Amino acid sequence: MATTKLVYILLILFTFTVSPAISTAPEHCDSGFDNPCINKAKALPLKIVAIVAILTTSLIGVTSPLFSRYISFLRPDGNGFMIVKCFSSGIILGTGFMHVLPDSFEMLSSKCLSDNPWHKFPFAGFVAMMSGLVTLAIDSITTSLYTGKNSVGPVPDEEYGIDQEKAIHMVGHNHSHGHGVVLATKDDGQLLRYQVIAMVLEVGILFHSVVIGLSLGATNDSCTIKGLIIALCFHHLFEGIGLGGCILQADFTNVKKFLMAFFFTGTTPCGIFLGIALSSIYRDNSPTALITIGLLNACSAGMLIYMALVDLLATEFMGSMLQGSIKLQIKCFTAALLGCAVMSVVAVWA
């Protein structure tokens with residue numbers, strides 16, 4: 001997974017360094033210079049406020065689940081934690097459908113792009129679809145590699161007296177018999193799934209966090225920034241809760257927990273700093289910006305939608321905890337709907 005994350009980061013850095021002359025903007029493209037809200041002097045202090053506010057709310061969001069072990073209502077094995085996790089999963093699903101994917105469609109269908117090929121093919125939907133499939137492949141192959149790396153194949157029940165359905169067999173060293181077999185319960189397999197889910201989810205979130213930060217930092221529209229600050233704070237708070245819950249269940253080492261929380265917390269502010277540095281040469285209606293950010297948004301949307309539906313919501317709703325209680329299912333479904341509703345309301349401003 002570290003290699004996969006590195007590939008994604010390199011891809012992002014590469015796309016932002018592509019030559020600004022990918023294509024030429026049509027003559028009828030609105031430059032936006034007549035907008036009275038365009039004021040660089042007023043926009044800069046607002047961007048600084050945005051950096052501090054988003055940094056703070058992101059930190060609160062992603063770290064709050066990590067301290068839930070000390071709150072009886074929110075312990076990982078309790079109903080309260082499950083309800084909060086489903087709410088956060090709804091937030092992530094709403095982010096993909098109501099924020100990232102619509103932005104991608106809007107950018108890649110802009111009148112600032114040439115008709116051929118951007119208006120003749122739904123690139124946003126196609127890239128989101130392929131991103132979801134690639135995420136599925138990464139999810140599946142990574143799990144297989146990690147599981148297969150430690151598997152030695154089936155062992156007869158009569159030899160070990162253990163139900164194979166409840167154990168996977170891992171190579172170990174037995175001091176009494178030379179090379180022996182160590183058996184791990186299903187909990188180990190579930191822990192591996194949680195770790196894969198947390199890491200893939202973080203990659204998807206980092207994708208669109210970079211885009212959000214760059215766009216906010218590069219714009220000089222003070223009216224837009226004012227509305228975005230509050231909306232993005234709510235967005236990062238709840239998204240952080242969702243990611244933090246996944247990190248908690250993955251039971252990473254403290255160092256890995258810190259690094260994942262650090263990257264989530266700092267990515268958007270770093271994107272804003274980068275946008276500020278590029279604001280003098282960056283035009284959000286240029287073909288290069290529209291194509292690059294539009295494609296990155298589509299890719300991020302596919303990943304977030306897949307993770308929310310398949311690895312988060314479906315996994316929990318098909319699990320033994322929710323399957324054993326219709327009442328808890330209803331509560332969790334309501335929480336997921338509420339999460340989607342919150343992001344739908346936030347979409348009015350962001």
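In case you wondered, yes, glycine gets a Cβ from its N, Cα and C as well.
The following features are taken from Swiss-Prot:
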SIGNAL    1-21  signal peptide
TOPO_DOM  22-47  topological domain 'Extracellular'
TOPO_DOM  69-80  topological domain 'Cytoplasmic'
TOPO_DOM  102-120  topological domain 'Extracellular'
TOPO_DOM  142-195  topological domain 'Cytoplasmic'
TOPO_DOM  217-227  topological domain 'Extracellular'
TOPO_DOM  249-257  topological domain 'Cytoplasmic'
TOPO_DOM  279-289  topological domain 'Extracellular'
TOPO_DOM  311-329  topological domain 'Cytoplasmic'
TRANSMEM  48-68  transmembrane segment
TRANSMEM  81-101  transmembrane segment
TRANSMEM  121-141  transmembrane segment
TRANSMEM  196-216  transmembrane segment
TRANSMEM  228-248  transmembrane segment
TRANSMEM  258-278  transmembrane segment
TRANSMEM  290-310  transmembrane segment
TRANSMEM  330-350  transmembrane segment
Best-contacting stretch, by C-beta pairs under 8 Å, relative to the transmembrane segment (81-101) and drawn from 196-216, 228-248, 258-278: 228-248
Positions whose Cβ lies under 8 angstroms from the topological domain 'Cytoplasmic' (249-257), at least six residues beyond its ends: 66, 76, 191, 194-195, 197-199
Long-range Cβ neighbours of the topological domain 'Extracellular' (217-227) (under 8 Å; 6 or more residues past either end): 32, 35, 37-40, 42-43, 46-47, 50, 271-279, 282, 284, 349-350
Summary of DSSP states over the topological domain 'Extracellular' (279-289), given as helix, strand and coil counts: 3 helix, 0 strand, 8 coil
Among 48-68, 121-141, 196-216, 228-248, 290-310, stretch most in contact with the transmembrane segment (258-278) (C-beta, under 8 angstroms): 196-216
Intrachain neighbours beyond the transmembrane segment (48-68), with Cβ under 8 angstroms and 6 or more residues off its ends: 74-76, 81, 84, 216, 225, 228-229, 232-234, 236-241, 243-245, 247-248, 257, 260-261, 264-266, 268-269, 272-273
Stretch with greatest number of CB pairs under 8 Å, the transmembrane segment (121-141) reference, 196-216, 228-248, 290-310, 330-350 candidates: 290-310
Secondary structure content of the topological domain 'Cytoplasmic' (249-257), with strand meaning DSSP E or B: 6 helix, 0 strand, 3 coil
Recorded stretch, among 196-216, 228-248, 290-310, maximising Cβ pairs under 8 Å relative to the transmembrane segment (330-350): 228-248
